[in-house]
Amino acid sequence: MSATPPLKRPIPGVAASDPLNPGQPGHLVNLSFNVPFSSNIAGPEKDDVLYSSIGAFQKWTHPDGTAEETPNHALPIHARNVENLRVSCRRMTEGSDEKIHATVTSSKPKPVPGMQRGPLTALVTNVCVSGDAELVHKMRQKILNETPITLQTATIDIEREHIYPKGQEGARADIMAHMDDIANKTKADIFLLEAKARRKDSESASFNGVSETSMDNRLRIQIYGDMESLENAKTRLLIMIDQLLQRQVDTVRLELSLHSLISGRNRRNIKHIESTTSTAIYFPPLFPSVFSYTAPGSLPLRGRDEIIITGDSMDSILQAKKRLHDLVMTTKTFVKDVHVTMSKVDYILLERLDKIRKIIEANGSYVLLPPLGNTSGVLRVQATDILNVERTVREIMSLAGQFYAASWWVTHPDPSQRQPTPSDIRAMLPDICINSGAEITFENLNFHINGSDDSVKAAMSIINSLPFLQRAQSTLRVKVELANEHKEFVSGKKNGKINKIMSQSNVQIVFDGFNEYNFYIDVRGSQYEATKAGLDLVELEMPASISFHVPDQYHKRIIGIGGQHIQRIMKKYSVFVKFSNAMDRGGIGKDDDDIKVDNVICRTPARNADNLELVKQEIMDMVEKVDAEFVSEPVPVDRLYHRELIARMPEIEALEKKWNCKITFPGTEQASDIITISGPEYQVPQALDEFLGMVPESHEIEFPTTEELSKFLSSDEFRHELTTKLRDQHIVEVAIAEPKREMQGDKEVTVVKLTLSYTRNNAGGLKDAIDFLLLPFISRGLEVDNVKGAIPRPKSDSFEDNMPYFESKLLQRAEPPMNAESPTRATFAEAEHRSFFNKLRKPGSMASFSSFLDRRRNGSNSPSSSLFKHASSNASKASLVSMESRDSGYRNPWNDSGIDLEHDQQANGFAANGHASYTSHGNGWGSFGGSASRPNTSSNSLSGAFETKFPFGTNGNASTTSLSAPLIPGLGMVNGNGVHTPGLNGGDVTPKFESSRSVNGDAGANTTDTIPELPLTTAATTTQAVATTNGDKTGSTIDVPANAKNE
C-alpha cells in the first residue's frame, strides 16, 4: 500500500519559539518550578510487616518514638530525596563558576484569598534557578531527569500457603532469598505484609464481609520504587508466582509501538488469545523512554520491547506466539505527527500520563512521546485505521487545552517603590510557585507563567499582591487553547459574544490559529481585575458538555418528526444536542458495536451548565428502562481466577449478549482483582448476579466431635436428607474431611472439618446455610462456642441502634444513621461533598436492588448485595467542565469527546468549588496545581550480559529468550495437602521443556524452532494518515436543525 504524501501546511507558533516563554541564549532569567515529589506516599503499617528487603523498613517507616500525627512527607525516604536534591543543586551551582545559581525551597502551600481547596498537607519542593536562559532550561531538564519524581507503590496478593507451607515452621527461605535478589537488582523496596483479615484492627467475619473473606486472607507484597524499578520488580514477582504454580515461562520480542495496536481496543485481542491458549501475557510499560531516571545500581531485567508469556505447557506458549505473529502480519499502521505547544508537553507527561494511557487503551493506538524536558512539541500517533488516529489526536489536543500560558509585562515601573533585588526574586518566585502550583520565568520585570488553568490564575492573583506592582503600569496576557470546532460557539454570530465581553471588561480578545485541531484565545488587558473579569467571561462562554450512550434504535423517537421533540428540549434548556449513529462513528462491521461509546453529546455555554443534567434526564426518560443509563460496576475477583473465567469466554460472551452488558478484564501485568461490568443500569445487577454465579467460594467450619456426632455424620439422615436440603434450599454443597486428633487444653479431641462450597452470588445466604447445617449438631450436644468458622450475628442490627436510650438517664435522640450508597453497607464510602458536578459523574438513580430479593430461594438477603455498589458510579461519562486540573476541583469545560476515559473516582472530583468560575466572577480564580506522580523510563533493549545470570536463565531458543529455567534450585510447589514438594527436574520450579518432544509428536524435533523470528519492522504496512480541516468525517455527527426531516 503506497504511502500518501503528507499535507504541507504552515504551523503557526511551532517553528519560532513560544512568545510567552523567552529562552533565547544570552538572556538572564530566573526560572522557578516545583519538583513533583510523591511525598504523600505512605509506608506500610509496622505491625503488618512480615518481611522487608534490605534497608526498606528503615526508609519507609518512622523511627521509634515519632508522634502519630507525623505527616508522610517526614518519612526518611522522602526527606532523603529532598536533601539529595539540595546537594545536587549546590554542586551544580558551585561547579558553574557562578554562571548559574540554584536554590531549593520546601514548604506547605498556604490558602490564597478567593481560592477554595482541600486540606493543604502535602509538602511542596521548589527549585529556583538563575542564569543564562539556555543553561537554566538545561538545568531544569537535568534536575527532572535525575530526581526520583516517579516514586509510586503497587501491591500483589499471594496465597499464604505459597510462602508459609502448612506443616512447616516459618517462611520458605528460597522465596525470601529470591525476593531479596529482585530487590537488590531492581533497587525497589519490597515488603511482605500480613493479610487484611488477620490485622489486629480488622473485624471478624460478619454479614458485610462474607464474600470477601477468602480474598482478605491473602498476604500482600507491597513494592515501592520509581516507575522503572517498580515495573521490573512487579513483573519478576508475578513470574515467580506463576512458576510456583508450575507454569512454563518464555518471552518474545516485538516492536514496542505495535504492542497496543495488536492488543486492540480495551485489549480484546490479547484476552482472546489468553482464552484460547490458556496463557498469561505480560506486556512491558508503554512509555519507557519518557523519564530518564534510573535508580543507582539497578540492572535492566527485561528488554523494553519484550513480552513475557506464561502457560501450563510449552505447546500453549507456542500457540500464543503464533497468534501474536499472525496479528502482527495482518496489522496495518497509520501514522500522524501532531504539534503540541512546547511548554505544555512536559505538563502532559508529568500530570496527564495516565490519561494518555487510557486514551491509547480505548482506541487501540500508540503515542510516541518525547523525553521529559526535551522542548520538543511533536507527538507521533499510530493506529490501525485513520479513525482511531484522529480520535487519539483529538483527545490529546483536548488535554493540552487544560493548561494555560500567561504573561505579565511591567511597562512602567513605580518609581516610588524599590525594585526587587536578585535575592528578593529568589525568595519571591518559590513562594508564588509553591502556593499556586504554576511554573514561572522572571526576566526584566516580566513574569511568564505556565501551568494548569487554576494554577495560572492563582499565580496571577498572588503576583497582583506584590508591592512593586501595585502602582506600576502593566500589560497582561492569557492564552487559552481550544478546539477549532468551538471557535464559532465561543465567538457567537458575527463575534457578538466576544465583542460584548470586550466592551464589558475593557480587554482585547484575539483568536490566533495554532494547528488544524486547536486555536488560541488570547485575552489581553492593562489591569489585573479587568483581565481576570474578561477571562472569567470567556470561560463562561466556553462549551460545557456531557456525553452519554443511547441505543441507536431510540434516536428517531427522541428526535421526533421534523426534529420537533429534540428542538423543544433544546429550546427549553438552551442546550445544543447532537446524535451520532454507528455509521457516522465508523463502527459498522467493527468493534464499536460491542463497546458502548457515547453517541449523544449535549453542549451549552458553561454558564448554563446546570441544565445539562436536566437535558440528559429528559432524553433518558424516552428510553426503555432496560436500555437506559449506562453504568459500570467494579467486581473484585481473585486475579488468578481471572484465567479460569477467561477460559470460559464463550459463556461470558453469551452472558454479555443476554444482558446487553460488557465484561472487561484488567491487563495481566496490572495484577488487579477488579473486573468491570458495564451496561444499562437495570441490566447490570442481573448480569452481575449471573457472572458471580461463575465464581466459586468456599468456607470451612471446624468443631470437636463426640461419638454421637460421629454417628450422625455417617448416617443417611446427614448424607442424604440434610445435604440435599442444604443444596436445594441454600445452594450450598458440603464436604467432610477426614477427622484428625488435636490437643485442646489438657485433653486430646477429635476435630472434624466441613467445607461449604457455593458461588459468589449466593454468598449472602451463607450464614443461614451454616445455621441450618449446625442445628441438628447443636441438638445432639454440640456447643456453639466450640465451632470455628461460624459467622456471628451482624453488629449493625436495629437492637444495637436503640441501646443509647438505655445508657442514659435522660431519653436522648439517637444519632441519625450514616448516609450510604449501598443498601447493605452502613459505612460504604467516605462522606463526600455533593454538588451539581458530582451528579454529572453519579446521576444518582438507585440500582434495582429489589430484583435480587425475589431471586433468593431461601429468602435471605440479596445474594450479591455485599458486593454491589451504587450502579451509577460513572454513569454519565460526563466530559463536562475540563476540570482535569490536578488537585483542582475543576474539569475542562470544552472536553466533549465521545470516548470514555474512565473518569477518576475521586471524592472531590467535582466539589462545590469545582466550577465556581462558571457561576460567579469572585472565586473562579482559585485552586492550586499540586504535584504529580509519573511513569516510566527508557526505550532500547537492555537485555545484555545480565540475562544469563538472573535466576530465570535461558534455554537456547533460537527465536526468543526463554525464562523457563528454574527460579531458584529447590523451589517447588505446595501440594494440596500443604506439604512442600520439590520442583521437577532436580528441584527446578518450572519443568524444563524437553527438546525430544515436539508439537506433532516427532521424537527428535525441537518445538522452539518451529516458530520463526517475528519481524519487528517489516511486519506492518505504514500509511501516512492525512487529515484536513475541511471535509474530515472523523467523529461526524448528525446535527439536527430546526427544519430537519425525520427519516
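Heads up, the Cβ atoms here are built off N, Cα and C, so glycines get one too.
TrEMBL assigns the feature region 'Disordered' to residues 1-20, out of the candidate ranges 1-20, 361-380, 681-700. Looking at the stretches 206-229, 590-613, 878-901, the one that TrEMBL records under the feature region 'Disordered' is 878-901. Note: the domain 'K Homology' (246-329) comprises 37 helix, 17 strand, 30 coil (DSSP; helix = H, G, I, strand = E, B). Mean pLDDT of the predicted structure over the domain 'K Homology' (474-539): 92.
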